[in-house]
Amino acid sequence: MSYANDRRRGSSRPSSLYERYDVNLPGSGSSRSSRRNSNNRRSSSSQVLIDAHRHRRNQRLLFYLAIVLISVITWITFQSDDATSISNNNNNMTTTSNKIVKLGSSYVNMNLPKKVDTPKQTKEQKLLEQQQILHDIKMEKKHKKRWNPCLNTKYELERHDYETQHGDVCRVKGGLMGLYECPDGCHETAGNTPYCANSSGGGKGGGVRKTNGYKGGPCRVRNPDAPPEYRCDDGGVCIMAVGTPKSQFKGKGVYYDDSCDGQCGNGREGDLNAWITNGKRCNSDWDCSLAGICTPQGQCQCDPWAEGVDCSYLKFQPVDKNRLGYLDERHTSWGGSIVQSATTGLYHMFISEILCKVDTSNRKRCGLSAWQTHSRIVEATSTEVDGPYKRLKQVLPPEHHNPSVHISPTTGHWHLFTIGGSTGPIERMISIDEGKMWGNAITISPEQNPGPLLMPDGSTRLFFRGDGMDIPSPTCSDEGISMQVCPSENEPCHPSNGLPIISHTGEDPSVFVDHRGNYHMLFNALPYKCVPKFEQGGHAWSKDGIKWSTPRVGAFDTTIQFTDGSGMKCERRERPQMVLGKDGMPLALISAVTGCPKALGEEGSIQKSNPYKGGDDAFTLIQKMGI
């Protein structure tokens, strides 16, 4: 009940505050003395009240102080515990002082302060642990070391996976072609093909003992611990993804053989639509590789020389076996270039021919083994673009390679470009009388493998092969195609910037301008150690000859169809050059082929007089373009 209720009832009860400390307070009817005494008592009571307040404040201060002291003591205790824990951890860590410690998959030296061994680990246990770590490091280094079956560490493995008579060999990088040794598990055959056989038997056949999974035949070596080696190239071609030297191979393999499990697609049939937008519909002629036109219905209508859903593939006529191109009975050849005489109408082909010893009884052909030192330039003529061609004369002696002949659009003179050695330089010769007489060879560039394009202003765009280029990954070689400009026919070319002009490895460029004024480049898209090479033909296109498309790899392959219905598949096809008709339409393709069947098709379908020996023998093939 409240004090206000007490007053209404006439109660003289004071507030609870006074009630707490004064039990005999005066009544309302007290005398003055009583009131004075009462006042004194009240003053005394007030002092008591102040003292009580001070007492309560002191209690509160003591309480807060106690809390602070407890907190400080607690913090000090925790710090002490942490220090003890850290000390214990350090004591534990120091058991690995000055040891090689495995962190994840790597080994490092912790370099911690030395500490006396704890009784938990004996010296024998520590020694065993150290030996195990050193063994693990040794095995890891051995696993990471590049596999090399060559017994001499200065030699590197040179693979010839798909050349049936050559075999793998060990050769000094950059050394002479004739200096080699055979890999471990293979043996030499005294200079006979295959140079290295795959067993311990003798003779050309290589014996019969089964070695490395193969029975006789050419040497084939494989790393037993190698991962999958094959992958799909960015052009949809299955190629080997790893090899040596390591810097020339980018991209990991996924598949174990050159089929890639059929996952690379078939661009000719339209499985790949990287070159066709909007679900295989073309929007412009560019989508049709500038080798056809894009119809209003969004379909590519290809020119007669091209085919495929995007016209990026070359279309050939079947080949007449009696008109293969240039196949001399004594000498191997490796590609050529053709111009047509304006006065006689004859086709003049300038050929890279490998000079071989003349053996009238066996019609000796020495193959490609001597191309670096025995290659010369010869001229042959024919009334038809696809031959047969008859040798006319030698134009340049050994050592000359890679002929490319063109007619100047301004003067009509013939310009013959070659390289004066296996790696250059590029030279130019000019004839003002259609090849009857030639001027002196002038060095115009230190580069190699020329692909010249003579311009209407008298300048020359010189496309060439460059080595050591940074080709976008993935790739199987560091060879690329670059360009430089030669201001006139009598001046050397301006220095090149050394940058690739197409986003793919390649060599042997050949550039032409078609009847619409569009630029096309044909080249070897799988050079050097890129394997397999069945689809090594590349095709890129451009509107100005400066900015090029992503190339179509496999635009032409190593399969040749004959007019009698038979066909053959060779191992390599390189140095492509296009022959144009008077209207600018592609007329025929010249290329060098090797590794073809000795019978050139079905058995018995070629005359016995055919001098081609098969294996690494080579000849210059001419194929008319489709109509």
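For all residues, glycine too, the Cβ spot is worked out from N, Cα and C.
In TrEMBL, the cysteine linked to C302 by a disulfide bond, out of C288, C311, is C311. Counting other C-beta atoms within 10 Å of each candidate's C-beta, the disulfide-bonded residues C302, C311 are led by C311. Summarised as a single figure, the pLDDT of the domain 'EGF-like' (278-312) averages 90. According to DSSP, the domain 'EGF-like' (278-312) comprises 7 helix, 8 strand, 20 coil.
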